Amino acid sequence: MVSFCGRRFAFLIIFLFAAQYERVYAGSFHKDVQIHWGDGRGKILDNVGNLLSLSLDKFSGSGFQSHQEFLYGKVEVQMKLVPGNSAGTVTTFYLKSPGTTWDEIDFEFLGNISGHPYTLHTNVYTKGTGDKEQQFHLWFDPTVDFHTYCIIWNPQRVIFTIDGIPIREFKNSEALGVPFPKHQPMRLYASLWEAEHWATRGGLEKTDWSKAPFTAFYRNYNVDACVWSNGKSSCSANSSWFTQVLDFKGKNRVKWAQRKYMVYNYCTDKKRFPQGAPPECS
């Protein structure tokens with residue numbers, strides 16, 4: 001029979017282990033994020049902190065960031081993008097670490113003139129270097145209703161999903177000499193800003209400021225992630241996303257999205273890589 005002291009000791013060990021590996025579930029713009037720029041152009045629109053808007057005019061855009069940093073996690077939010085003529089605007093949802101050799105995982109939505117589709121720009125940076133761009137046109141109008149955009153980031157891969165459909169997988173290819181973002185904690189950021197010099201048709205379409213202010217909406221922000229605190233990450237291998245891989249169905253969905261809706265893939269850009277595609281593309 002195990003003694004009372006033995007049971008207490010075992011319970012204490014389990015408790016300390018669980019505390020070390022505690023995950024965060026965030027879901028309120030009031031308590032989990034800070035509108036860190038925009039001079040009033042970013043607004044939380046309800047009392048519970050479920051709905052937030054970002055606006056852009058000729059003088060400034062706006063943005064918010066999470067209070068906490070994370071090293072691995074599943075981060076998702078629902079977004080409804082700027083309607084009508086959104087040329088020159090960029091609406092974002094991304095993870096990023098500080099410093100000059102930062103890591104970053106991007107969802108960027110490049111606006112367009114009325115009647116033409118948004119371009120979804122995805123990228124992965126490691127130690128300040130990106131060049132991993134894949135771009136898509138969406139199979140729906142992202143300005144009519146909210147859709148769920150999600151980043152799954154674990155030690156082996158980054159998966160981008162839309163409404164639960166995986167559209168891109170960036171695998172850890174360190175064995176091939178390809179850096180992977182796994183050492184630097186990142187915050188969640190979102191922003192609406194102007195980039196008319198490149199965002200729409202390479203800068204050919206300029207922002208029509210008579211349509212300002214431009215406004216995008218965010219809601220149902222959720223994080224299941226490993227919090228970085230005091231130089232350590234409370235990362236648990238018990239989360240399904242921590243070991244998540246794409247099964248046969250998931251891989252087929254990625255192929256479907258890329259076959260039907262991808263408009264740019266760095267892996268097939270022979271002008272940029274005349275000596276052959278980067279090793280992670282094989």
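Here the Cβ of each residue, glycine as well, is placed from N, Cα and C on the backbone.
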* Among Glu108, Glu280, which is the one Swiss-Prot gives for the xyloglucan site where His121, Thr122, Asn123, Asp131, Lys132, Glu133, His197, Trp198, Gly202, Arg272 also bind? -> Glu108
* Structure fact -> Among the recorded positions listed as Asp106, Glu108, Asn112, Asn238, the Cα nearest the Cα of Asp131 (xyloglucan binding site) belongs to Asp106
* Asked: If one looks at the chain holding Thr122 (xyloglucan binding site), which residues at least 6 apart in sequence have a CB under 8 angstroms from its CB?
  -> Asp106, Phe107, Glu108, Glu133, Gln134, Gln135, Phe136, Phe160, Ile167, Arg168
* Structure fact -> Model confidence over the domain 'GH16' (27-218), as mean pLDDT, sits at 97
* Structure fact -> Same chain, |i - j| six or more, Cβ under 8 Å of Arg272 (xyloglucan binding site); the result in sequence order is Asp131, Tyr266
* Can you tell me how far the Cα of Asn112 (N-linked glycosylation site) sits from the Cα of Trp198 (xyloglucan binding site), in Å? -> 12
